[in-house]
Amino acid sequence: MSIQQYIKNVFNAVKTLLKGMRVTGYYFFHPKEIITQQYPDNRATLKLADRFKGEVVMLHDENNEHACTGCTACELACPNGTIKIITQFDITPDGKKKKALNTFVYHLELCTMCNLCVEACPTGAITMAQNFEHSVYDRKQLTKILNKPGSKIRAGVE
Amino acid sequence: MLNTISFEAIKTAVQQWLNMHWGPHLAFIAECILIGLLVIVFFAVLGLLLVFMERKVSAVMQIRLGPNRVGPKGWLQTSADTLKLMLKEGLTPDGADKFLFNLAPFLIMIAAMLIMVPIAFARNFQIWDINIGVLYISSIASISVIAILMAGWSSNNKYALLGAMRSGAQIISYELSAGVAVITMVMLTQSLSIQDIILSQQNGWWIFKGHIPAIIAFIIFMIAATAETNRAPFDLAEAESELTAGFHTEYSGMKFALFFLAEYINVFIVCAVAAILFFGGWMPFHIGNWEGFNHIMDYIPSSIWFLGKTFCLIFLIMWFRWTFPRLRIDQLLNLEWKYLLPISLANLLLMTIIVVLKWYL
């Protein structure tokens, strides 16, 4: 190692260490940067990251209509059998049979929040909610039916 | 000079009262006991305070909140932790060397306590002004490595032994550059007594008066001090992710607490020594001939000056800990033998030239 290299090493070391200390020092003198949420205390004003995924929900509009065609793409995409879709055949006004959703069964206890079902859905019927207070006394309560009772498919969704 | 309620006044009053009521011998013994109690209380308070400070500092640096549940703003967190440690069982492993295992935590505390002796906390407030104060501190500081090796060896645990061996290699090598940095400063004062070193900084601290060599010596001393106290980035002796807890893996309860406390006491001591050598100990901040400014600075009690400087340096060491990643053992020894030691020796030579030519004020 040449003497220039040696001196260069020392200066580089000091420079990079100071750079690191600048980052932590900045955080120390700017306590507003703290990202900790004091959860049970601030339940009302809780701020979650956009990418946080809590559970799968089906979107319903004000007419109690959803966009699920019962195509089972989500069921096929799910890596651990969280989703089970029961379909039925509706008779359309012009007398044809059409496959439609009967029951969307969602096993929250099996779900890993991987988001694959949401990405697989061709009509954007399901999405990830940011709810995380899932604890219940009986795990049967974790098996949920996502389509609301009496809901039907929105007109025009194929 | 403001000395109505300074440490010096209290000390003199207690001394006079004792000598008035008891004979000189009895008074001396009473003073010794009083000092011992004071040091123990000081250690306990310091331990609680520094652990809390470390947790808060680390939390804010990592964008967290830190302890905030026990007591107002979490102030009682460390007291609650201490209470928990006291109630825990102090287990001794079956295969351990029982005598050495139980002796080691006390030895490390005794070493830490002995270093307190020559440190001046305020104007004329010092347990004993030894005329070789700095040498005394650096020699006693190396006793703690024996306690660490003892703890590691007697635990009969490979993690503990590895941690102790690393700690031994580390402390022994870093003592060199710390010692040379101290010698660099001693050259300026030409005295080893802490009192003389502080008094020589009456008209300016050595870090300002000593030109570049003093600054280099300060940086080297802080690096070596971090290594000697086994703190990150030099915490290979404990290395949580590799060795569970290093030399104190097998300790529990109050014996573990003593090791933990000793670490923080040592941090305080090295920072106090750095404050004395480079920042004038309890000496107020004076600028040349600015009489008004200097007078205002004199109104701040000397103990506040000393503790303020020390805590600033402790903060610096905590800042190191929560910024830098841990070094590998070969990197650690490379840093010492290839960089710090040659640089500090060259620095010593530079300082010698400055002292001989009387280039300092």
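Every residue, even glycine, has its Cβ placed from backbone N, Cα and C.
When Cβ-Cβ distances below 8 Å are used as the criterion, the transmembrane segment (B:26-52) is approached by residues 14-15, 18-19, 67, 74-75, 77-79, 81-82, 109, 112-113, 116, 127, 260-261, 264-265, 267-268, 314 of the same chain, each at least six residues removed from its ends. TrEMBL lists B:26-52 (among others) with the feature transmembrane segment.
For B:99-121 (among others), the entry in TrEMBL reads transmembrane segment. When Cβ-Cβ distances below 8 Å are used as the criterion, the transmembrane segment (B:99-121) is approached by residues 7, 39, 42-43, 92-93, 127-130, 133-134, 136-137, 140-141, 143-144, 146-148, 150-151, 153-155, 194-195, 198, 250-251, 255-256, 258-259, 261-262, 265-266, 269, 272-273, 276, 281-282, 303, 306-307 of the same chain, each at least six residues removed from its ends.
Remote same-chain residues near the transmembrane segment (B:133-153) are listed as 97, 100-101, 103-105, 107-108, 111-112, 114-115, 117-119, 160-165, 167-168, 171-172, 175, 178-179, 182, 186, 192-195, 197, 228, 230, 237, 246-248, 251, 259, 262, 266, 269-270, 273, 277 (criterion: CB distance under 8 Å, separation of at least six residues from the stretch ends). Feature annotation from TrEMBL assigns transmembrane segment to B:133-153 (among others).
Residues annotated as transmembrane segment in TrEMBL: B:174-194 (among others).
As annotated by TrEMBL, transmembrane segment applies to B:206-227 (among others). Outside the transmembrane segment (B:206-227) by six or more residues, the chain places 170-171, 174-175, 177-178, 180-182, 184-185, 188-189, 200, 233-234, 270-271, 273-274, 277-280, 313, 316-317, 320-321, 332, 335-336, 340, 343-344, 347-348, 350-351, 354, 359-361 with a CB less than 8 A from a CB of the stretch.
Listed as Cβ neighbours of the transmembrane segment (B:256-279) (distance under 8 Å, sequence separation of 6 or more from its ends, same chain) are residues 43-44, 46-47, 50-51, 54, 82, 85-86, 105-106, 108-109, 111-112, 115-116, 119-120, 134, 137, 141, 144, 151, 182, 185, 194, 197-198, 205-207, 214, 217-218, 221-222, 225, 228-231, 247-248, 306, 309-311, 313-314, 317. Under the heading transmembrane segment, TrEMBL lists B:256-279 (among others).
Among the features that TrEMBL reports, transmembrane segment is placed at B:299-319 (among others).
Sequence annotations record features per position, and here TrEMBL assigns transmembrane segment to B:339-360 (among others).
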